[in-house]
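If you look up TrEMBL, you'll see 1-31, 117-147 marked as region 'Disordered'. Positions annotated as domain 'Histone-binding protein RBBP4-like N-terminal' by TrEMBL: 45-111. Sequence annotations record features per position, and here TrEMBL assigns compositional bias 'Acidic residues' to 126-144. According to TrEMBL, the repeat 'WD' annotation covers 265-307, 351-393. Residues or ranges marked as transmembrane segment in TrEMBL: 421-444.
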Amino acid sequence: MVRTIRKTKSKKTKKVEASSSSNPAVASGPAKVWQPGVDELEDGEELQFDPEAYNYLRGFSIGWSCLSFDVVRDQLGLVRSEFPHMFYGVAGTQAEKAPWNYIGIFKLSNISGKKREPIPASAVDGDTDVDSDSSSDEEDEEINEDTKPVLHLKKVAHAGGVNRIRSMTQKPHVCATWGDTGHVQVWDLSSFLNSLAESGAPAPKEDDIIHRHLPLKVFSGHKDEGYALDWSPLVTGRLVSGDCKKCIHLWEPTPTNWNVDPNPYVGHTASVEDLQWSPTEADIFASCSVDGTIAIWDVREKNKPRMSFKAHETDVNVISWNSCMIASGCDDGSFSVHDLRQIQDPLAAHFKYHKKAITSIEWSPHEASSLAVTSEDHQLTIWDLSLERDAEEEAEFRAKMKEQANAPEDLPPQLLFVHQVLILSCCLILSWLYHFPCTVLLLVKVKFMSLTVCMSRAREI
């Protein structure tokens, strides 16, 4: 896991992107290993990412800074391996002034990345296969030089900033938003998604138009704003929302609208930060809180959670549920995996790699043991929790790689991939693309939002 560093004549670059993988580009002599959050650049140095670590990497702007986005499911297939790719998404803005906020509905099409065979073992030994593979990629780039992705965007006015936005799994055109005004709203965005599906080249300044559109439902029963919001993957239209005053409300669908229970679920002693429905049990959901705990709830029992345990010593910011496992990330930069079958002591794994607060965490929809994490240390990391350290294999690999790089001794064996964005005062939020293996969408929150499509080769290497 290496980043190469080169000397430049210019001063230290503050805005660069860097990535690393377990197959670094061959350097002339041992490469200097860069450890994010540990090492600092010297004057005249800048990080350079290894393009061989990606099948596709590109950023896009959809306007104002955003705190949240979601992938909108379509009918184009669950597993897509052939380029070009296309996907739909929604994002909610945090504009400079409240009246300027909107929901961004977008389609990104004509994504033409590289489809490559797994790297041969001889590449590690420095055989000529590396050169031939590289030259082949260069030829592909020349052929596809004029092929550019196309971003289509529709904007719908939103009262105040959007703290969280979620698209319903069963009816992706229905989205819920948590506003900084303290209101939770549900929207039918089908007309805008249909328009994007039928559109060709975007009309001039079409992206600048902010449409006025009424929500299907507005709930004002929360006592404060919040961030926790999740649709049930098993019951169509069922929703939970949690606020900064430790209250959780259940939304039950009706034939024409929603009934929101005015009596909240109360079990935490501080702000509810995230909510996740069970992927297997229709009436069960989980919550995490600033009080450091994770609670498991049954919608049929409101008095107290079915299960509650101390997950971290600091604020638990985010959770993700996969089968019987819940992954959680907290303010001190650590993240954990909890096995709910172990009622007395559910902690299954704990990692302290990241240096600052965890901002998002999500299990891969393609690999049950794979997990992606982002942090305020400006890193996106991909992990495979099924891996364990093999001393003999590791010694053999280090012997082969000693002329190329000296990897740090304390890197967790489960760490597959690192993507780093060195932008001052940014926040990273991620989402896996459910239909593209090894592809992560990365929201980079700065003054103007950038959406990065990061198609890593972590599973190929």
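Just so you know, glycine gets a Cβ as well, placed from its N, Cα and C.
Away from its own ends, the repeat 'WD' (351-393) comes close to residues 36-38, 79, 315, 317-323, 325, 327-337, 412-423, 426-432, 434, 437-438, 440, 442, 454, 456, 458-459 of its chain (Cβ-Cβ under 8 Å, at least six residues beyond either end). Panel annotation: around the repeat 'WD' (265-307), residues 226-235, 238, 240-250, 313-323, 326, 328, 330, 338, 340, 343 of the same chain, lying at least six beyond its termini, place a Cβ under 8 Å from a Cβ of the stretch. Remark: secondary structure over the repeat 'WD' (265-307) totals 0 helix, 21 strand, 22 coil, with classes taken from DSSP. The DSSP breakdown of the domain 'Histone-binding protein RBBP4-like N-terminal' (45-111) into helical (H, G, I), extended (E, B) and coil residues amounts to 6 helix, 41 strand, 20 coil. Residue counts of the repeat 'WD' (351-393) by helix, strand and coil are 3 helix, 19 strand, 21 coil (DSSP-based).
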